[in-house]
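S.K.: Dumping what TrEMBL says about this protein:
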type: DOMAIN; residues: 39-290; note: domain 'G-protein coupled receptors family 1 profile'
type: TRANSMEM; residues: 24-46; note: transmembrane segment
type: TRANSMEM; residues: 58-85; note: transmembrane segment
type: TRANSMEM; residues: 97-118; note: transmembrane segment
type: TRANSMEM; residues: 139-159; note: transmembrane segment
type: TRANSMEM; residues: 195-219; note: transmembrane segment
type: TRANSMEM; residues: 240-263; note: transmembrane segment
type: TRANSMEM; residues: 269-289; note: transmembrane segment
Amino acid sequence: MWLNTTSSPFLLTGFPGMEKAHHWISVPLLVVYISILLGNVTLVFLIRNDHNLHEPMYYFLAMLATTDLGVTLTTMPTVLGVLWLNHREIAHGACFAQAYFIHTLSIVESGVLLAMAYDRFIAIHNPLRYTSILTNARVIKIGIGVLTRAGLSIMPIIIRLHWFPYCRSHVLSHAFCLHQDVIKLACADITFNRLYPVVVVFAMVLLDFFIIFFSYILILKTVMGIASVEERAKALNTCVSHICCILVFYVTVVGLTFIHRFGKHAPQVVHITMSYVHFLFPPFMNPVIYSIKTKQIQIGINRLFSLSQTRA
């Protein structure tokens, strides 16, 4: 019997076969979620309130931290709801909205990493004109452009989800909604929804990566032209944090892609775990990387703790 799309909500899934351990599994996930929130909120707070960090590089970092917060706040409620309360039902509208924000923010993250690469290129290739090229107005325009590109590119496939009838099982394979999970349940022609995301990935995420890669070739060429060894090291050191964030993001993307493409016979728990790694590892690591590798951030954190201790 076909189920009616309006009367039957989707059912989220935690870790199949491990339902008795859901409460225990939720503990490390909760720790990771809290760490992500604390780390990224601290970064945004520092950049907003510390005038020494009012530079384009740190504005882009604030965009990255805000994006990571968005991903976390979008997935956390349903994940913890499933693991803690076994609350699996989610209405179609809420599910589609969650999928929209998850996929949009993933493309935003790629775009912000690209903007950060452009920032590093200008800072090293043309340092004397750095602040005149990357003005506050231009940084805002870049941020709006990144957000608009992501939001508009994902919208067509999410809108179509509202039109599909869902007559198969309403059980999703994760504790949050993903477009690729939802379309498997649709009883309609989903050719567009299968092909369009591939085009988006190639046209945006992969293109972003190749532009970032090319920008670092130009950065390396510029650095090699610097006579002083110390100045070379100093210039490259400003890029280390960004390179680490790029690797964290794209390695998890590639890992998730390989698991979905070549791990069809792998247990479902492996697929689910890799999804959590993809959505949680970059937001967790980005604040750690910048806190360890960026001196100005370290100084800001020390100043923040000094102020809190003084007030206490």
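Just so you know, glycine gets a Cβ as well, placed from its N, Cα and C.
Those TrEMBL annotations? Automatic predictions, nothing curated.
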S.K.: Report the mean pLDDT of the predicted model across the domain 'G-protein coupled receptors family 1 profile' (39-290), rounded to a whole number.
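M.R.: Reported value for the domain 'G-protein coupled receptors family 1 profile' (39-290) is a mean pLDDT of 91.
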S.K.: Suppose I define contact as three or more CB-CB distances under 8 A, residues 6 or more apart in sequence; do the transmembrane segment (24-46) and the transmembrane segment (139-159) meet it?
M.R.: no
S.K.: Against which stretches of its own chain does the transmembrane segment (195-219) lie, if we need a Cβ under 8 Å and a gap of at least six residues from its ends?
M.R.: 106-107, 110-111, 113-114, 117-118, 120-121, 124-125, 149-150, 153-154, 156-157, 179-180, 239, 243, 246, 250, 253
S.K.: Same-chain Cβ contacts of the transmembrane segment (269-289) under 8 Å, 6 or more residues past its ends?
M.R.: 13, 15-18, 29, 32-33, 35-36, 39-40, 42-43, 64-65, 68-69, 71-72, 75, 102, 109, 173-174, 178, 241, 244-245, 248-249, 252-253, 255-256, 259-260, 263
